[in-house]
Amino acid sequence: YTILFLGLALARSVGLSQPRDMKGKVFIFPQESATAYVSLIPRVHKPLQNFTLCLKAFTDLSRSYSLFSYNTRTQENALLLFVKKVGVYELYIGNSWVTFNAPPSPYSPVHVCTSWESASGIAELWVNGKLLGRKGVRKGYTVGLDAKIILGQEQDSFGGKFDIAQSLVGEIWDVTLWDHVLPLKDMCDSCYSGNILNWQDLTYEENGYVVTKPKVWA
């Protein structure tokens with residue numbers, strides 16, 4: 001018991017967080033900020049030559065903001081899902097990007113899924129179950145493993161240099177990341193089986209004014 005107690009105390013003292021089941025919960029970013037964000041710690045540390053990313057979000061912003069920011073020490077915007085304006089999504093791979101256009105639907109929650117494979121460079125983006133297209137970006141690239149994964153802010157350096165004008169004001173939930181491309185039938189409304197990030201087994205650290213609450217949307 002003494003060893004267990006000391007181990008838990010050490011984990012707290014060095015700021016290590018334990019995985020939590022976040023099903024039914026959301027991260028709320030209540031106001032514009034350059035300091036509020038959530039850092040996600042992947043379950044597996046590995047380079048990515050394929051991935052599928054799904055998440056749900058709500059905001060009433062009309063300006064640009066980041067939904068998912070993944071930087072490595074050597075590559076800015078290694079994997080970035082960014083909203084340029086209402087209905088305009090940008091997917092960055094290795095600091096190159098493709099743009100997808102969706103019918104604007106402000107003031108309602110969105111379910112966004114995107115996938116990419118290195119071999120072909122083909123990226124897909126789905127919003128609320130509808131495919132917005134398939135486009136090519138960064139064929140042959142590998143997304144590095146030494147990463148900072150940030151919700152709520154867009155990284156202009158490794159783990160920092162945030163711009164308040166690109167911060168998310170709103171809510172985000174059901175963030176899931178796989179190391180392979182999922183077919184459409186598996187891009188379900190509520191997936192928790194991600195082997196890189198799993199919302200039901202999520203290790204994370206909150207920074208600044210971030211609030212966790214029960215979700216109010218599906």
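Note that Cβ sites are derived from N, Cα and C of the backbone, with glycine treated the same way.
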Cross-link partner of Cys54 (disulfide, per TrEMBL) out of Cys113, Cys188: Cys113
Averaged pLDDT score, the domain 'Pentraxin (PTX)' (23-218): 92
Site of maximum Cβ density within 10 Å, from disulfide-bonded residues Cys54, Cys113: Cys54
